[in-house]
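*Asks:* So TrEMBL lists these for the protein:
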| type | residues | note |
| --- | --- | --- |
| TRANSMEM | 6-23 | transmembrane segment |
| TRANSMEM | 30-59 | transmembrane segment |
| TRANSMEM | 79-99 | transmembrane segment |
| TRANSMEM | 106-127 | transmembrane segment |
| TRANSMEM | 147-169 | transmembrane segment |
| TRANSMEM | 307-332 | transmembrane segment |
| TRANSMEM | 352-369 | transmembrane segment |
| TRANSMEM | 376-393 | transmembrane segment |
| TRANSMEM | 399-420 | transmembrane segment |
| TRANSMEM | 432-451 | transmembrane segment |
Amino acid sequence: MVFSSIFFIFCFLPPFLLLYYLVPEKFRNILLFIGSLIFYAWGDPIYVVLMLFSSFFNYYMALEIDHLDKDPKGRKKNLIFAVTINLLILGFFKYWGFLLDTFSTITGISIAHPQLALPIGISFYTFKNLSYILDVSKKKVSPQRKFLTYAVYSTMFPHMSAGPIVRYADIEGQLTRRSISLTRLGLGAEYFTKGLAKKVLLADNLSAIYTSILSSGSNSVLTAWIGILAYTLQLYFDFSGYSDMAIGLGKMMGFDFLKNFDYPYISTSVSEFWRRWHISLGSWFRDYIYIPLGGNRVSVPKHIRNIFVVWALTGLWHGASWNFIFWGLYYGLLLLLEKFVLKDFLPKLPKWAANLYTMIAVMIGWVFFSQTDFSSMGHYLSVMFGFGASAFLDRTAVYYLKTGLILFVISILACRPGLYQSFKRLIQRNEKAAAAVNLLLFLLCIAYMVYNSYTPFLYQKF
């Protein structure tokens, strides 16, 4: 089940919210837990067992680690065991086939293996559970004594499939006491509608352009740039749209999730871009990998090692493929260049020039991200920069400039803060007008969903 489906919006969410608002507060966690299991089972009924095992295992191990407060060695052994089991589960379902295929490529020895379906959201709920275990071991949070309460955190459907990676510490108090009201319901609906519009009206249409360009056979420079611009915008609206919907659903149920995107495409450096893009993942790697390795408080060689380790793992988290690892290492290299080579140059650039540099670097990165094999990756880049292009401009480019111009203009405006700030001013001046705009946006989304085919969220496959 996905948020941008007719079934979820009209068949699952209304009765769930109605019950959620009607039942006494003490029963809301039970209802949320059952609702989350139904939501997850709709697409992955077998893997519900895996998710429940992961929840119970981490709940139990946190209690064990806390119990061994006066036994540092036992505490450490239990922590290592818990982390290992979590990573083994993730590795088996997500990376086992990739490792065997890589082994076969290197050695020439073919090993048959079953093609396992990737459990929905496994990367997200594994990282949630790991953050909880690690925080308990560091005594940043106390272990949750009630399994139901922890299971609600671990399985909660709003952020189950594609994030954000919500930490236990951020919603610990809300898991047991949270307020709901019509005001919060309305605010949540506003967030949800904004995210739905990003996904349905923008991301899906941009996806159609990029997919069409890839299959067109066009080799012009401008077509390649139009294609990667479409993908750049699609990925942002797809993922930030899901995050907005998750935040909105959370607000409807009394939770406040931290924002996951902060207008990353206005950044004036790659470093700033990664402080604004997928914030929950970046902070996870910073707090649980980069800082424990020593961060930047070590010698230069070790600092460089730390950067490459973190970014190789960031790439690998996104998918079991070499292009994702290469994409991660590419960003590691860019961040090192900005720190050691460009640190005095970038701040002197005009803001528009620094933003242009950042966007070109990011768009090149999205080529690595979107192309699964290196030959396709190299060909696309060579066409972008004129080396493998048949022309600068062709009929395909002209066609997409004409038919996609309005979509591109709206998308570029929507990924900058000005448009949303204007809407906030409208709310302050005229709440009825703002409500009318939200309703119109929602109806447009529904109309589009009814008459067009469903496109899954890109980040659900991670």
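Any Cβ shown, glycine's included, is placed from N, Cα and C.
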*Asks:* Applying the under-8 angstroms CB criterion, which one of 106-127, 147-169, 376-393, 399-420, 432-451 scores highest with the transmembrane segment (30-59)?
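*Replies:* Looking at each of 106-127, 147-169, 376-393, 399-420, 432-451 in turn, the most contacts to the transmembrane segment (30-59) are made by 147-169.
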*Asks:* Do any residues, 6 or more residues outside the transmembrane segment (432-451), come within under 8 Å Cβ-to-Cβ of it, and if so which ones?
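*Replies:* Sequence-remote neighbours of the transmembrane segment (432-451) are 4-6, 9, 189-190, 193-194, 196-197, 200-201, 204, 423, 426.
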*Asks:* Are the transmembrane segment (79-99) and the transmembrane segment (376-393) close, by which I mean at least 3 Cβ pairs under 8 Å that are 6+ residues apart in sequence?
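*Replies:* Judged by the Cβ rule, the two regions do not touch, with the required three close pairs absent.
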*Asks:* Would you say the transmembrane segment (307-332) and the transmembrane segment (147-169) are touching, if the rule is that at least three C-beta pairs must lie under 8 angstroms and be 6 or more residues apart?
*Replies:* no
*Asks:* May I ask for the residues of the chain that lie six or more residues beyond the transmembrane segment (376-393) and have a Cβ under 8 Å from a Cβ within it?
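*Replies:* Hits for the transmembrane segment (376-393): 219-225, 228, 323, 364, 367-368.
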*Asks:* Which bits of the chain, at least 6 residues beyond where the transmembrane segment (106-127) starts or stops, bring a Cβ under 8 A of a Cβ in it?
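*Replies:* Residues packing against the transmembrane segment (106-127) from afar: 40, 43-44, 47, 50-51, 54, 86-87, 89-90, 92-94, 96-97, 100, 154-155, 159-163, 165, 281, 284, 317, 460-462.
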